[in-house]
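Here's the structure, in structure tokens; my notes come after.
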Amino acid sequence: MNFHSQYLELEIFMDIGPSPSFPMERKVHIQISGRQIIQTKLRKSCSCTTKRLKNVVMDFFPVLRWLPKYHCREYIWGDVMSGVVIGIILVPQAIAYSLLAGLKPIYSLYTSFFANIIYFLMGTSRHVSVGIFSLLSLMVGQVVDRELLLAGAECGKDCYAIGVATALTFLAGFYQVLMGVFRLGFVSMYLSESVLDGFATGASLTILTAQVKYLIGIKIPRSQGHGILLTTWINIFRNISQANQCDVITSVVCIAVLVAAKELGDRYKQKLKIPLPTELVVIVVATLVSHYGKLNEVYASSVSGAIPTGFIPPQLPNFNMMHRVALDAVPLAIVGFAFTISLSEMFAKKYAYTVRANQEMFAIGFCNIIPSFFHCFATSAALAKTLVKSSTGCQTQVSSVISAVVVLLVLLFLAPLFYSLQKCVLACIIIVSLRGALRKFRDVPQRYHMNKVDTLVWCVTVFSSALISTEMGLLIGVLFSMLCIVVRTQRPRTALLGQIQSTAFYEDDWEYESLCPVPNAKIFRFEAPLYYANKDFFLKSLYRMTGLDPTLEAAKRKKNEKKQKEHLKEGNRGTIVKGSDQADTALHLVPKQVDFQTIIIDCSSVTFLDTAGIITLKEILKDYNELKITVLLACCNPSVIDSLKRGDYFGKDCKKMHELLFYSIHGAVQFARDRKLLADAPPSHMPMSHNKRVPLSFIIH
């Protein structure tokens, strides 16, 4: 009669219900080969019917689905209002961000116009505002300045600069479309909120630094390479004596007005139906003052210059330039689609609708590819404009068309009026628009209180983006955040569990009071997957918390047995040992006594096992069994169970599975207690068969 039949007999008399040691019956899943899956997808994708063709076209241009269902009376007022407001905001920001990109203001206006039209046709988000984004403008500007410096182009500088920008933009859009084709949207998952926030904040410091020379009216070249922030500030202080007093006074006044208006707008935003068009008012007033005061002629204040009207004929991007900017386009593409998708999903969740991330990649990709033929540079969704858009009653992307119409009016009729606009005014608009990103520094204590690791990731990304370069900052932030995840799984929390009184639940004995220790058992929890990188930590933690290293203990016992045999041989030869020496020797030969016979490993937090993890568990089982200590596993998920089966953890044909695996900790504890009870019972009181039932009192007594 084996032990398992005795355990079944005991269970029947104790009336404790079905044995927790029996595995539940697993469902049989039909395995489909990869070849069949590919064939099915190809058959579905390559089928060409009228219905499928219609669905493909409507999926690629979502406007064909929602525009025929447009509720004009319900939506039109909100869309027109938000479109006009965004258009009014777009114009001054577009002109200002041309400074960041190192391009003429007219190209910024082109970019704003085409991006709105294309996203209206292809986007799935109702609220996202796509256009010029300060971070992308900065990244474009750095590449443009580098290529201008390498080429030494002075004659035709503007044409060369826009050639570099369009080549870079075309490649970024091409990469984004490829990501959509190959469904690589998962890449954005590695850009955590801490990384994106840190990147935006660090880049904001670089943007602010780049605008200081316009604020004070000095002429210094844009720094290249790593450490742009420090190099620029050194150059600023070296040339501070050349500051233009007119630009300094204008900058102080404009910043004061813009900040005051923003603060008032934030304070009374509940009462204001639309945001104050402060930037537009400042630009109009500053342009009038500069024109009639002749600030350029009298004080040598730098102005925007001539902005032509109408459209320049389309032109192919400079394909000869693309091999030089191919790598620069990669971070540009990733940052662009990451911000677009995150904003799209955020506002879709807020307003209870869905967006298609893959289509968003196509949309933002073509917002870069097509405009690159029309002298435009990189675009993406922008948070500030999207917030304004949603707060002013936007319902659909019809508002983007309205914004494009406003920009078109400026392009056709109003652009030349901004000839006398000072560059320092544009720099003030850019700097004040960074308030939100720079305010993130105030949130550091709260962020630290919430999660220390995320705060560390944020700080590393901020300082690497600011002090090294924006592209390297993004890469360092991603790598560091992944490293943090690896480190957290390498050295996870471990715990010994105790039983909550009068319940079948168990918790961390270190964290909670009044937990009952489980007699003759140690319950060990490991809060991470078990794989090659943390198996040694797993073993060290288990040995430390149980107070027993089976390998060392087995070695000690073998050594003691050897000494004991030698001692017996000496005794048989008639060697006389004094009483005290004999007692000391006997005491030394007694093996270490442990206060437990069972180790239960709580696997509820073990999400997966690799080969090293399986081997580690098998070695633990073997080493502790040699010391007559049972090792039980509890709360394993199906994938872990399958890994253990494939690794022959439960023996051939999984014969020992019912003795080693339990679906709850309490089931494992009950099994260990009953096993101990049966082991301690006198042989005459042990149940002999399933047909002969022994009273429970016999076993207990």
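Placed from the backbone N, Cα and C atoms, the Cβ positions cover glycine too.
Annotated transmembrane segment per TrEMBL: 75-97 (among others), in sequence order.
According to TrEMBL, the feature transmembrane segment maps to 117-138 (among others). Same-chain residues lying 6 or more positions outside the transmembrane segment (117-138) and placing a CB less than 8 Å from one of its CB atoms are 60-63, 86, 90, 93-94, 97-98, 100-101, 108, 111, 199-200, 203-204, 206-207, 210, 332, 335-336, 339-340, 343-344, 347-348, 351, 353-356, 359-360, 362-364, 366-367, 370-371, 377-382, 385-386, 388-390, 394-398, 400-401, 403-404, 430, 433-434, 470.
For 159-178 (among others), the entry in TrEMBL reads transmembrane segment.
Feature annotation from TrEMBL assigns transmembrane segment to 329-348 (among others).
Nonlocal intrachain contacts for the transmembrane segment (360-381), taken as residues 6+ away from its ends with a CB within less than 8 angstroms of a stretch CB, comprise 60, 101, 103, 107-108, 110-111, 114-115, 118-119, 122-125, 128-133, 136-137, 139-140, 162, 165-170, 172-177, 179-180, 185, 311-312, 314-317, 332, 335-337, 339-341, 343-344. Residues or ranges marked as transmembrane segment in TrEMBL: 360-381 (among others).
Sequence-distant neighbours of the transmembrane segment (401-434) (same chain, 6+ residues past either end, Cβ-Cβ under 8 Å): 79-80, 82-84, 86-88, 90-100, 105-106, 109-110, 112-113, 116-117, 120, 129, 134, 204, 207-208, 211-212, 214-217, 247, 250-251, 254-255, 258-259, 262, 279, 282-283, 286-287, 290-291, 295-296, 301-311, 384. Summarising the annotation, TrEMBL assigns transmembrane segment to 401-434 (among others).
Under the heading transmembrane segment, TrEMBL lists 455-483 (among others). Beyond its flanks by at least six residues, the transmembrane segment (455-483) meets 135, 138-139, 142, 190-192, 194-195, 197-199, 201-203, 205-206, 225-230, 328, 331, 334-335, 444, 447-448 of its own chain at Cβ-Cβ distances under 8 Å.
The domain 'STAS' annotation in TrEMBL covers 511-672.
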Tertiary contacts of the transmembrane segment (75-97) (same chain, 6+ residues out, Cβ under 8 Å): 105, 108-109, 111-112, 129, 131-132, 134, 137, 274-275, 277, 279-280, 282-283, 304, 385, 388-390, 392-396, 398-407, 410, 418, 421, 426-427, 429-430, 433
Remote residues contacting the transmembrane segment (329-348) - C-beta distance under 8 A, at least 6 residues beyond either end: 123-128, 130, 133, 135-136, 139-140, 168, 171-176, 179, 185, 187-188, 191, 196, 199, 354-355, 357, 360-361, 363-365, 368, 378-383, 386, 390, 470-471, 474-475
